Amino acid sequence: MEQNEFMEAIMYVNGVRRVLPDGLAHMTLLEYLRDLGLTGTKLGCGEGGCGSCTVMVSSYDRESKTCVHYAVNACLAPLYSVEGMHVISIEGVGHRKLGLHPLQESLASSHGSQCGFCTPGFVMSMYALLRSSKNSPSEEEIEECLAGNLCRCTGYRPIIDAFRVFAKSDDALYSGLSSLSLQDGSNICPSTGKPCSCGSKTTSEAATCNEDRFQSISYSDIDGAKYTDKELIFPPELLLRKLAPLKLGGNEGITWYRPVSLQNLLELKANFPDAKLLVGNTEVGIEMRLKRLQYPVLISAAQVPELNALNVNDNGIEVGSALRLSELLRLFRKVVKERPAHETSACKAFIEQLKWFAGTQIRNVACIGGNICTASPISDLNPLWMASRAEFRIINCNGDVRSIPAKDFFLGYRKVDMGSNEILLSVFLPWTRPLEYVKEFKQAHRRDDDIAIVNGGMRVFLEEKGQQLFVSDASIVYGGVAPLSLRARNTEELLIGKNWNKCLLQDALKVIQSDVLIKEGAPGGMVEFRKSLTLSFFFKFFLWVTHHVNNVNPTIETFPPSHMSAVQLVPRFSRIGKQDYETVKQGTSVGLPEVHLSARMQVTGEAEYTDDTPLPPCTLHAALVLSKVPHARILSVDDSAAKSSSGFVGLFLAKDVPGNNMIGPIVADEELFATDVVTCVGQVIGVLVADTHENAKTAARKVDVRYQELPAILSIKEAINAKSFHPNTERRLRKGDVELCFQSGQCDRIIEGEVQMGGQEHFYLEPNGSLVWTIDGGNEVHMISSTQAPQQHQKYVSHVLGLPMSKVVCKTKRLGGGFGGKETRSAFIAAAASVPSYLLNRPVKLILDRDVDMMITGHRHSFVGKYKVGFTNEGKILALDLEIYNNGGNSMDLSLSNLERAMFHSDNVYEIPHVRIVGNVCFTNFPSNTAFRGFGGPQGMLITENWIQRIAAELDKIPEEIKEMNFQVEGSITHYFQSLQHCTLHQLWKELKVSSNFLKTRREADEFNSHNRWKKRGVAMVPTKFGISFTTKFMNQAGALVHVYTDGTVLVTHGGVEMGQGLHTKVAQVAATAFNILLSSVFVSETSTDKVPNASPTAASASSDMYGAAVLDACEQIIARMEPVASKHNFNTFSELASACYFQRIDLSAHGFHIVPELEFDWVSGKGNAYRYYTYGAAFAEVEIDTLTGDFHTRKADIMLDLGYSLNPTIDIGQIEGAFVQGLGWVALEELKWGDAAHKWIKPGSLLTCGPGSYKIPSINDMPFQLNVSLLKGNPNAKAIHSSKAVGEPPFFLAASAFFAIKEAIKAARSEVGLTNWFPLETPATPERIRMACFDEFSAPFANSDFCPKLSV
């Protein structure tokens, strides 16, 4: 088969025709779009896991003669896979100059975009849903379509609110053919279902349709704003375009084939038996990118009609192997409505399983055959095919077809019964029979878009004999427990012929244990959990079948009603929330809920990030050469293979560094490039530059480094035992006399224990990156970096290049999220890129891939706390003795300051007369850990709340009673001797307790628990007191530069960085109020070291306080200069005043400066004012857990904070919601798994969870069903600008309310089996930890009641 020489390979992008040249078979759609300058589509992960690359693809379905619109991940889609299609990116939806689409305006005005990096992806997912909907989508459909999109900033609530309005619109406002035809009475474009005159033409005429490529749309107005009234139509040329075979080439000898008939495909398969067949590239793309596998021949089977065929008959359903999973889901939903209920039991099981399979973007392109033939041992669908009596139709290159039962198809790990000359043609699924039941099972870390830990498909066919039911046939299949989808053959044999009763259940549960054998140390870990799930799933299946057959035959032995909640499906509840705040307007803008200044740029994709910056001529691309072992001597570095790699320019090592190779934010204890010894996996050995990003990465992988391995320390415990601590990091705080208190008899009870908590990945959606270039012959170095600390970049680059700081400039426009992760570690990226840029005198761009970013840039510190607490029988706390350790990794970075804040916050909000705290920073052979929202404070408070819970358990009281009894009050003296002033803790706690209906909800939870054996609810309230300011005194300073122009507009530059937290917006509000002008007259452009020097990092939640005050200082200087002119004339506008001042030669520029007063702490005495003030807060949470699987959801969360007079209440509420959901990830979802003693199946020192496929941050489905936020009213804060308070970090810890609610629910479960004593629960409380803590007859065969799953700390 050869390419039709007369047929160009084309596509349309945003209505513009594009010819696709040969040679791009290696390229993804995302790379192509960004090369076109369409940078609104972002690269967030490169594996289809975050949704930031989402675009809409439209294609013409010749079978149905309709145009179909669907969202896809551009980062996985091969460029040639969209040949003959229309791709619409965010730029094609709407933009500021021509007008925003209603989706974009709604998202912006609803405060649904913070950092903005994920925003275009959300817009495109929703846009594709609207374009593909014949009727207005339901709220469930909206949330389902967003399941493949991640946001780290907002907590999702405002995004859902923004899009919810489209679920309420009239059906006629959507693009369905019938509704628009009825509405307009006009001709309908067959491609779009929208009015178009080409619809009245003949087919040949339509090809030359002269209608504009846009068509009018009619959506509900939102806020009366003006929107674009244009929608891109499907290009008429593509309607007539005949499908033709394609043969196109690519880099490294790749050839792309697209057959358009089964015969074409079989010919290709005969010629290239080892070729990779693909449809959506969702598996092959990952293999090529992450596993570095090479496939020289790729055959796209997507356009083969025979592989997309559907046939529904009296025997069942036959579907082609190339059918997309989203189409399969629609088909099953259709037949369930149309066929008798008893026939569709398997279809219903597939519907439920597909609903939680990946995200919408993946389901839209992934096909049935790919999922089957990949033969993944954790495939969600293969166990169901096997259990449902499905048959696979296989065709060889001669056209011979054979059938094989699905249950016999899988032979071993990634091995199937199919020869290299065969392909999967179709799948046949028979209808189920009366009394035949099929059920799906899956447990993952997260419900949405996650791979299974264990899954299953189960079927039983029953026959009635008298008053009893006997098993005629059965299939029990598990995934995630063996190298292949595993049939429990002995269990199946046991079941067949037996009476369906509880005795059979018990017998089957015993046999399953011998059918499913997982060895200790097996890949994937979680052995006890996985084994217990096999029993839990079967028990659920037995319950479910019994419930159904009882409706048919009421005489069948059944189970108590309290058991039946175990088989209820997890619904997609509509997420709702309330926001309660007062608006204290000050001047023209301060206090108002203004929209984020960049929101409308972000929703249109026009906002630029580091990777979007247009490249200077001759730019080189860099990749890092990284250590592959945790501790070793470097014997040699051989770059000979790299030199022969395509596009190679140079490799730069420590010997090439012009200045000093030793760097570090506080202590210069790190090498930029390792010289003799590496101390972690991922340590940078050198930087390689090439002509393209891909060529740089390819060449870097070819650099051969030889090592002599050395012993490694891979946990806090190992560090403690080896006394491996960073030098001079022991810290001590003391108040009262702990020993005397313990020995005096004052304490009725003394408890001792240990708290461990894992780390957390920042998972900012924008990876770290820098673009560095020289100017003036190399005399100056400039850079654009994704950083919270431009001054740090300036300092590092100056240091390693041997240049004065005055010749180095760092600029930052905005960040796609930071959360502390871009405070210090990002500076290493800029410094590494600066070396080749300086030496070669060429621009160098270094953007980290997601897996590299997660591996090398550090995380939230894991902690271990060892406590001893004395208290009275009433619950009054008397003494705390605490040893606290954090995992610093292989360098100091900010770990000491992190430890100090943890120690400061180890009282949380409690009055403790006698305190002794000793802290140490552990040296381990992991990449250096770093700042993360809360900066040690949450870890210190979590240790405290754990022993508070234990006191309550010891005294048989509810934890909230112990908390209230020990609250600090106005004037309390902390253990570091700072007096609490304006303490609003009691007030907000009392108000929250009432507004959340705490007592009523607790009673309702107890009632629910008494009636439900396998589902349990728990409630908890948690307070917080978070200190505001840097604990390093000199960092509490800020500068700003303000210019007033003669037209009355104002340009503000300050030292803070906008990373989604709304800093620029708040600062602009301060300036607008100061000058009594509208916010629209104030502009904040960027942060730059040549405008505001020596700026502190944007961190510690202090930026609004500091930079707002600095801007106000500058404004007041200008106002004072303007006053003589203003007092003499009555100016109508500020522009008139500014112009008059200009003519009077008055300086309209000012540099503002602010220092935070009253800060002084001495570690020698352990006394002083560590903080300027405190932000107080409290949260209530109600959760529900499935005790059989560990699955949980947060039913409700109520949060209240004291933020004084908020500068911008909606921005602050966005910070609260985002922090809470991020905190929910820390306490319950996100687990870093390292190669350590706890995970010996992982390569030592390596991070397994280095991408969204394995590391799960909260998705939309993980946010609380109801998320209510209120701000305490009437409490101005005299210690910050305009009586406000800091907000970024304080709410984070409040997610611990969900953690302790989970623990309460587990407590209720344990009480069912007589376990009433206190028990430990480590964070994160993943499904594994929840389930294994809920000890019962299904976990007992594998673990004791005190079993604690392994944790990397």
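Cβ atoms here come from the backbone N, Cα and C positions, even for glycine.
Among the features that Swiss-Prot reports, active site, proton acceptor is placed at E1289, with the record citing similarity to another entry. Residue environment of E1289 (active site, proton acceptor) contains 27 other Cβ atoms, counted within 10 Å of its Cβ in all protein chains.
Under the three-state DSSP scheme, C115 ([2Fe-2S] cluster 2 binding site) falls in the coil class. If you look up Swiss-Prot, you'll see C115, C118, C151, C153 marked as [2Fe-2S] cluster 2 binding site.
Positions annotated as Mo-molybdopterin binding site by Swiss-Prot, on the basis of similarity to another entry: Q788, F819, R933, A1100. When secondary structure is read from DSSP and collapsed to three states, R933 (Mo-molybdopterin binding site) falls in the coil class.
In the three-state DSSP classification, R901 (substrate binding site) falls within a helix. With a 10 A radius on its CB, R901 (substrate binding site) counts 27 other CB atoms from all the protein chains. According to Swiss-Prot, the feature substrate binding site maps to E823, R901, F935, T1031.
Summarising the annotation, Swiss-Prot assigns domain '2Fe-2S ferredoxin-type' to 7-93.
The feature domain 'FAD-binding PCMH-type' is assigned by Swiss-Prot to 249-434, with sequence analysis given as support.
A Cα-Cα distance of 17 Å separates E1289 (active site, proton acceptor) from C151 ([2Fe-2S] cluster 2 binding site). Taking the Cβ of E823 (substrate binding site) as centre and 10 Å as the limit, one finds 26 other Cβ atoms among all the protein chains shown. Here the candidates are the binding-site residues C115, C153, F819. The one whose C-alpha lies nearest to that of F935 (substrate binding site) is F819. All protein chains included, C151 ([2Fe-2S] cluster 2 binding site) registers 32 other Cβ atoms within 10 Å of its own Cβ. Here the candidates are the binding-site residues C115, C118, C153, T1031, and by Cα distance the one nearest R933 (Mo-molybdopterin binding site) turns out to be C153.
When the binding-site residues C115, C151, C153, R901 are compared by Cα distance to Q788 (Mo-molybdopterin binding site), the shortest distance belongs to C115. Every protein chain considered, the tally of other Cβ atoms within 10 Å of the Cβ of R933 (Mo-molybdopterin binding site) stands at 27. The two recorded residues C118 ([2Fe-2S] cluster 2 binding site) and F819 (Mo-molybdopterin binding site) have their Cα atoms spaced 15 Å from each other. The distance from the Cα of C151 ([2Fe-2S] cluster 2 binding site) to the Cα of F819 (Mo-molybdopterin binding site) comes to 13 Å. Mean model confidence for the domain '2Fe-2S ferredoxin-type' (7-93) is a pLDDT of 96.
With helix defined as DSSP H, G or I and strand as E or B, the domain '2Fe-2S ferredoxin-type' (7-93) counts 14 helix, 29 strand, 44 coil. Only C153, from the binding-site residues C115, C153, R901, T1031, place their Cα within 10 Å of the Cα belonging to F819 (Mo-molybdopterin binding site).
When the binding-site residues C115, C153, A1100 are screened for a C-alpha within 10 angstroms of the C-alpha of T1031 (substrate binding site), the residues that qualify, in sequence order, are A1100. Within 10 Å of its Cβ, the residue among the binding-site residues Q788, T1031 with the fewest other Cβ atoms is T1031.
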